[in-house]
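Colleague: I am attaching a structure below and will ask some questions about it afterwards.
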Ligand code: A2P
């Protein structure tokens with residue numbers, strides 16, 4: 001045995017945490033407004049997730065410890081890269097730094113994606129609603145790019161409500177591009193509908209999604225019947241208050257909340273970062 005080998009045998013190997021985040025490379029960054037941006041990073045081959053799930057994303061802190069927050073994965077499970085859609089909070093511990101990432105920079109990616117905004121947490125139905133506000137659109141950016149969504153539903157309605165028009169760019173561009181997507185373009189044709197509204201600047205449809213549901217304006221604009229637990233399923237993602245308010249409306253319309261272990265008629269999630 002060489003001297004080196006005996007030294008290695010005597011020194012215990014440093015403990016490696018199997019759950020520690022991996023370091024991934026930023027591939028692209030696109031800024032939409034002074035509050036919103038998206039970025040794409042490398043995806044390790046071993047990273048598996050279900051379309052609609054979230055994962056911890058972060059940056060190392062000055063003291064070397066990671067600073068991580070939950071982020072919905074905005075890309076579908078088949079994509080070779082991972083996409084995220086983020087708010088920029090000026091004094092947010094993570095997003096104040098994350099907003100200045102550039103291609104080539106490193107970000108930390110957690111190893112355990114999870115979540116309930118997945119198709120398997122819903123019982124079969126005809127029409128799938130995805131209600132979102134702000135960055136709550138992110139998990140739906142994943143789901144509307146997954147062929148499984150169109151295989152399971154006759155109609156897929158995504159609603160996105162933001163404060164102003166500029167904040168609708170991500171969802172509007174994505175849905176426009178899906179029409180020409182080689183994988184889901186044809187499948188989504190005639191099935192996928194994006195309904196947008198704004199609450200603080202002029203827009204063809206004004207108002208919070210809760211008001212538009214309560215007044216039936218949403219259903220009139222889409223030309224569909226009112227919510228019906230026999231045919232309709234729903235996913236909800238936005239601020240905590242928005243989720244609670246839309247959830248109350250689902251229950252008032254006879255829909256029951258589901259989960260991974262007990263699929264039912266609607267599921268909720270919250271995607272936020274500070
Ligand atoms: P509003 O402008 O009336 O606050 P934010 O960017 O703050 O997350 O908000 C995104 C969108 O969600 C805004 O249009 C906002 O409307 C709306 N919103 C905020 N709270 C609720 C709620 N409890 N129910 C429905 N929509 C909400």
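Every residue gets a Cβ built from N, Cα and C, even glycine.
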Colleague: Examine the ranges 1-22, 23-44 and name the one recorded by TrEMBL as region 'Disordered'.
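Modeller: My reading of TrEMBL: the region 'Disordered' range is 1-22.
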Colleague: What is the number of residues in the domain 'FAD-binding FR-type' (19-120) that are helix, strand and coil, as DSSP sees it?
Modeller: 6 helix, 43 strand, 53 coil
